[in-house]
Structure formats: structure tokens, C-alpha cells
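Peer 1: Before I ask anything, let me first share the structure, which is written out below as C-alpha cells.
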Amino acid sequence: MRVLVKLSGEALSGEGGRGFDPERVNYIVNEIKSAIEEGFKIGIVVGAGNLFRGVELKNLTMTRADQIGLLGTVMNSVYLKDIFERSGLKARIYSQIVNLPDVERVNYDSIESALRENSILIFAGGTSNPFFTTDTAAVLRAQEMRAKLVVKATKVDGVYDKDPKKFPDAKKIPHLTFSEAMKMGLKVMDAEAFALCKKLGITVKVINFFEPGTLLKALKGEDVGSTVVPD
């Protein structure tokens with residue numbers, strides 16, 4: 001089974017942190033390694049919130065601020081590749097925005113070859129264009145690696161009808177469609193990512209990635225998190 005895991009940059013630094021937290025990064029490696037050992041084919045899209053905050057770039061023109069964010073995802077991807085390989089895993093980085101020794105251009109034959117080798121695919125540089133989020137990039141790259149599942153790795157155990165941090169009476173919604181999520185105004189993903197999921201028939205699973213073992217449970221179809229399906 002092929003799956004694309006969407007990680008926030010904050011996953012690498014810890015909440016409110018900057019840069020890289022070795023303990024958090026080792027946790028990520030172990031969770032991904034467990035999935036690889038069970039035979040799952042893994043792709044990753046990572047954000048850059050551990051390196052750049054939106055508020056820090058607010059005085060720049062939007063296109064240039066987005067370019068800085070895209071480059072941040074490349075930095076995170078190179079970091080992850082090194083850590084994965086030091087842990088005995090194979091990993092390859094694909095991007096359309098840079099030419100670095102460790103970064104390959106997106107090539108479908110190369111992607112298939114890497115998956116046969118059980119390499120982790122790390123997709124850097126978002127969609128390569130400004131104005132698109134890493135959520136949209138995750139769906140696009142899932143399609144390119146022929147995965148029909150995107151796991152959004154968050155610190156919340158699923159989708160709620162309102163923010164559970166602000167509202168103690170928030171109710172978890174274990175299963176819903178993209179149309180329902182959009183109608184309810186739920187911020188699971190941005191509208192462009194939702195639309196692409198609907199068009200491509202890709203399912204999104206929202207989990208609390210930082211509950212040990214939850215990723216593997218989600219991949220095995222166990223009842224964790226929330227599942228958002230095409231209509």
C-alpha cells in the first residue's frame with residue numbers, strides 16, 4: 001500500500017520551537033520505520049514552519065515570501081534524508097525548484113524505482129509555485145506516487161466540529177466527505193487540496209501523529225483519527 005504522509009515543519013521542532021529537536025525527529029524516524037517494516041510504501045511532504053513563520057515574512061511580497069517557504073521545505077527534506085539514512089533507511093528527495101546533489105527532479109520512472117527499493121520519497125518545494133499550500137502539494141505528490149491515501153499528521157486525534165482547544169464540548173467526527181467538511185467550514189485542509197482530493201479520488205486520514213503507533217494503526221485500517229473521503 002502506498003501512502004503520502006503530510007508533516008508540518010513544527011513536527012520537527014516541537015510546538016512553538018525552532019529548528020530541529022533531536023527527540024522529535026527520532027520519534028518521526030521510528031514511526032516511519034515501523035510502517036516501512038510492515039511493507040508500506042511511504043512518501044512525505046513536510047512544511048517549513050520550524051524555520052520560517054508567516055508573521056516573519058509578512059512585510060515581503062507574497063510571491064517572495066512563498067519562495068522562502070518553499071526553500072525551507074527543501075532544507076527540512078535534506079535534513080530528514082540524512083537522519084533516515086543514518087537510521088538504516090533509504091530515502092530520496094524529489095523537487096522541481098532546486099538543483100542540489102541530493103535532490104532529484106520529479107520523474108515517474110525514478111519514483112517507481114525508488115518505491116521498489118523501499119526508499120522513502122521526500123517531496124520538497126511544495127507544488128513549485130507560490131500561493132499553494134503544502135496540503136495541496138501533498139495531494140499532488142500522492143497522485144504522482146500513485147497513492148490513494150494521504151495521512152495528515154497532526155497533534156489532534158481527528159476532525160472536530162469546532163476547535164477542541166477552545167471549546168471543551170467539541171465533538172469528534174470520525175467519518176465524513178470532503179463536501180461535508182467544506183460545508184461545515186472545517187479547516188482539515190485548504191479548499192484547493194479538498195478539490196484535488198475529490199477529483200483524484202484520494203482519501204485523507206487525520207491522526208494524532210504524536211500518539212505512538214497511531215500512524216501504523218491508521219495504515220492498517222484501525223479505528224483511529226478521522227477519515228475524509230471523496231463524495
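Each residue, glycine too, has its Cβ placed from N, Cα and C.
The following feature annotations were taken from Swiss-Prot:
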BINDING   Lys6, Leu7, Ser8, Gly9, Gly49, Arg53, Thr154, Tyr160, Asp163  ATP binding site
BINDING   Asp66, Thr127, Ser128, Asn129, Pro130, Phe131, Phe132, Thr133, Thr134  UMP binding site
REGION    14-19  region 'Involved in allosteric activation by GTP'
Peer 1: Which residues, in sequence order, are found in the same chain with Cβ within 8 Å of the centroid defined by the Cβ atoms of Asp66, Thr127, Ser128, Asn129, Pro130, Phe131, Phe132, Thr133, Thr134 at the UMP site, excluding those residues themselves?
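Peer 2: Near the UMP site, beyond Asp66, Thr127, Ser128, Asn129, Pro130, Phe131, Phe132, Thr133, Thr134, sit Leu70, Gly126, Thr136, Ala137.
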Peer 1: Could you round the CA separation between Ser128 (UMP binding site) and Lys6 (ATP binding site) to a whole angstrom and send it over?
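Peer 2: Lys6 (ATP binding site) has its Cα 16 Å from the Cα of Ser128 (UMP binding site).
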Peer 1: Quick check on the binding-site residues Asp66, Asp163: which one has the highest count of other Cβ atoms within 10 Å of its Cβ?
Peer 2: Asp66
Peer 1: When the number of other CB atoms within 10 A of each residue's CB is tallied over all shown chains, which of the binding-site residues Gly49, Pro130 has the maximum?
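Peer 2: Most Cβ neighbours within 10 Å: Gly49.
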Peer 1: What does the structure give for the C-alpha distance between Ser8 (ATP binding site) and Thr134 (UMP binding site)? Integer Å is fine.
Peer 2: 9
Peer 1: Give me the CA-CA distance between Gly49 (ATP binding site) and Thr134 (UMP binding site), in Å, as a whole number.
Peer 2: 11
Peer 1: For the region 'Involved in allosteric activation by GTP' (14-19), give the DSSP counts of helix residues, strand residues and coil residues.
Peer 2: 0 helix, 0 strand, 6 coil
Peer 1: For Lys6 (ATP binding site), what is the secondary structure by DSSP, using just helix, strand and coil?
Peer 2: strand
